[in-house]
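*Asks:* According to TrEMBL, the protein carries these features:
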type: ACT_SITE; residues: ASP61; note: active site, for OMPdecase activity
type: ACT_SITE; residues: LYS63; note: active site, proton donor
type: ACT_SITE; residues: LYS63; note: active site, for OMPdecase activity
type: ACT_SITE; residues: ASP66; note: active site, for OMPdecase activity
type: BINDING; residues: ASP11, LYS33, 61-70, THR116, ARG179, GLN188, 208-209; note: substrate binding site
type: DOMAIN; residues: 5-224; note: domain 'Orotidine 5'-phosphate decarboxylase'
Amino acid sequence: MSDDRLIVALDVPNALEGLKLAEKLGDAVSFYKIGLGMLTGGGLALANELKQDFGKRIFLDMKLFDIGATVENAVRGLAQFDLDFLTVHGDPHVVRAAKEGAAGSDTKILAVTILTSLDRDDLDASLIKPGKVADLVVERAARAFEAGADGVIASPREAAMIRALPESQGRLIVTPGVRPAGAALGDQKRIATPAQAVADGVDHIVVGRPIWQAEDPRAAAEAILAEMNSPQAKAPNR
Ligand code: C5P
């Protein structure tokens, strides 16, 4: 079994492309994230195929947000796909409803704190209360844990602070916004390297473009895994 701390985001348009990529990655990768971009391109069918036929773990990134009853029903339906992780927004009423919907399944509910692509200007534009982004992320994580979330999604910049919360014991921290040293940033704004993320107490990192846009995706994934297992990944870095 390969190191399932690396989750590869299959942000390709359809299931066929996703399957081709997963075949290229082979046994180097055992955990995949499927998101909204592939929903109309056979995303759920691909989730099922990767899980049942290839024995992969699946993170369905739906970032659900709605009234509690709707979230509960949506999660109950999705949990039938035997998903490992499913995301909802970290608002406490959403998390509570999602946990109700996931009851009796093995699906873990991960709460989105604040999208890693957002900075303070973006939060101002959305009328989010004043304060540093990192502080708001930690506060939202604490509330999501109190509401029962099995884990949170946060940028690696906030991981160490979330790990320090007593509420985070036994819960997962999953971080996108990870870039191997020297890689293009794309639209990611709050980033860290794989080694830094692991050193800060992250359980899983989610990496997309640096792998699926690489000429050799398998080599790119293996390089990230090597970084995650390097001595820097163990030393406290701040
Ligand atoms: O940037 P990358 O391609 O590695 O993105 C991997 C995942 O990170 C995406 O599937 C998305 O969920 C998330 N992401 C993010 N912030 C962005 C862009 C992507 O959190 N600005």
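Cβ coordinates are placed from backbone N, Cα and C, and glycine is handled just like the others.
TrEMBL labels come from automatic prediction, so no person has curated them.
Since the structure is predicted, the reported quantities are computational estimates derived from the model, not experimental observations.
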*Asks:* Can you check which residues sit near GLY208 (substrate binding site), meaning Cβ under 8 Å from its Cβ, same chain, 6 or more apart in sequence, and list them in order?
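*Replies:* GLY208 (substrate binding site) has long-range Cβ partners VAL8, ALA9, LEU10, ASP11, LYS33, PRO176.
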*Asks:* Hey, what's the Cβ neighbour count for the residue listed as 'active site, proton donor' at 10 Å?
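*Replies:* Other Cβ atoms found within 10 Å: 17.
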*Asks:* Taking ligand 1 as the reference and 6 angstroms as the Cβ limit (strictly under), which binding-site residues among ASP11, PHE65, GLY68, THR116, GLY208 are close?
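*Replies:* The ones that qualify, in sequence order, are ASP11, THR116, GLY208.
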*Asks:* Considering every residue in the domain 'Orotidine 5'-phosphate decarboxylase' (5-224), what is the mean pLDDT value?
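*Replies:* A mean pLDDT of 94 is what the model gives the domain 'Orotidine 5'-phosphate decarboxylase' (5-224).
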*Asks:* Taking DSSP as the reference, which of helix, strand or coil describes the residue listed as 'active site, proton donor'?
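*Replies:* DSSP assigns the residue listed as 'active site, proton donor' to strand.
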*Asks:* Pop the Cα-Cα gap between GLY68 (substrate binding site) and ASP61 (active site, for OMPdecase activity) into the table, whole Å please.
*Replies:* 18
*Asks:* Counting only residues 6+ apart in the same chain, whose Cβ is under 8 Å from the Cβ of ASP66 (active site, for OMPdecase activity)?
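*Replies:* ALA74, VAL94 - these are the non-local Cβ neighbours of ASP66 (active site, for OMPdecase activity), listed in sequence order.
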*Asks:* Excluding near sequence neighbours, so keeping only residues 6 or more apart in the same chain, what lies with its CB under 8 A of GLY68 (substrate binding site)?
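*Replies:* Long-range Cβ contacts: HIS93, VAL94, ARG96, ALA97.
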*Asks:* Could you tell me the C-alpha distance between the residue listed as 'active site, proton donor' and THR116 (substrate binding site) in angstrom, no decimals?
*Replies:* 13
